[in-house]
Amino acid sequence: MDIYNLTTVTQFILIGLSDLPEVRYPLFAAFIIIYQITLLGNGLILLAIVTEKKLQTPMYYLLANLSLLDIFCPSATVPKMLKNLLTEDHSISFVGCALQLYFLVALAGTEVFLLAVMAYDRYVAICFPLRYSLIMTKVRCVQLLFGTWAAGFLNSFVHTMSTFSLSFCNSNRVNQYYCDIPPVVALSCSSTYMAEMLLLVIASIFGVGAFLITLISYIYIVSTILKIQSTEGKRKAFSTCASHLLVVFLFYGTTIFTYMRPTSTQYSPGRDRLISMLYGVITPMLNPIIYSLRNTEVKGALRKVLHFRICSQTV
């Protein structure tokens with residue numbers, strides 16, 4: 001039920017992916033399979049990096065953190081979504097909504113910064129291969145990782161405080177299957193100018209900055225690869241960054257399509273919720289598949305892990 005006028009909002013109602021009862025259970029089955037594949041795929045990547053000494057390098061430490069983010073990010077939204085598909089109660093408390101938004105924005109922001117660091121890592125590896133071990137030391141890698149996580153969570157803290165310091169006294173129906181900044185801010189009955197300007201300024205500085213680092217790194221990478229004379233040399237150089245490049249395209253493509261596409265005259269809230277699924281659910285599932293298919297070292301480590309598990313079960 002909506003809460004109107006002078007009543008202060010103490011909980012929010014998350015609009016589900018579909019109001020049609022006949023598709024609730026198929027959606028539940030589909031999403032629980034996707035979620036399990038996400039956890040399994042990223043868990044195997046983590047296990048392979050931890051157990052295989054050959055993968056314990058800065059490049060794969062960064063990949064391990066990407067896998068962690070791809071486990072945590074859907075875990076902030078999918079369990080609640082699955083519960084909503086099975087029950088009639090779609091409510092989430094005010095504090096619960098704030099926490100969900102905080103962790104979701106923090107993890108998404110951390111991934112933006114991490115992709116920029118991964119692009120810089122590939123830039124150093126391809127453009128300065130002889131100096132790579134001197135530049136990307138384990139200490140430098142830890143410093144960069146600490147910076148990405150700290151920046152992501154600090155950025156989210158600012159946005160969460162700004163969003164939930166607004167007054168909510170009208171509708172409490174969040175037009176999404178999780179709490180996100182735009183649909184929550186849209187429910188405010190006070191001025192949202194400062195919250196919207198803060199979002200715009202921070203996104204312009206940090207988001208665009210991270211994107212430019214990624215873009216410029218790949219411009220230099222492509223330029224360097226094109227200067228290599230041999231076809232085999234070009235193939236080897238490109239293979240070292242192909243997986244990350246696919247992940248970058250997937251991440252920014254779904255993000256832009258979710259948040260930055262022009263408003264259509266044929267506005268469909270249900271379609272918007274399905275599109276946001278690409279960003280929050282499908283991408284984390286595809287990332288480990290991309291790395292396991294495109295990276296021969298990861299494929300070899302995964303074969304060892306799976307072979308060991310099969311052998312240990314048969315003994």
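Count begins at 1; order follows the chain as displayed.
For all residues, glycine too, the Cβ spot is worked out from N, Cα and C.
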Matching range for TrEMBL feature annotation, transmembrane segment, among 123-140, 141-158: 141-158
For the domain 'G-protein coupled receptors family 1 profile' (41-291), mean pLDDT (0 to 100): 87
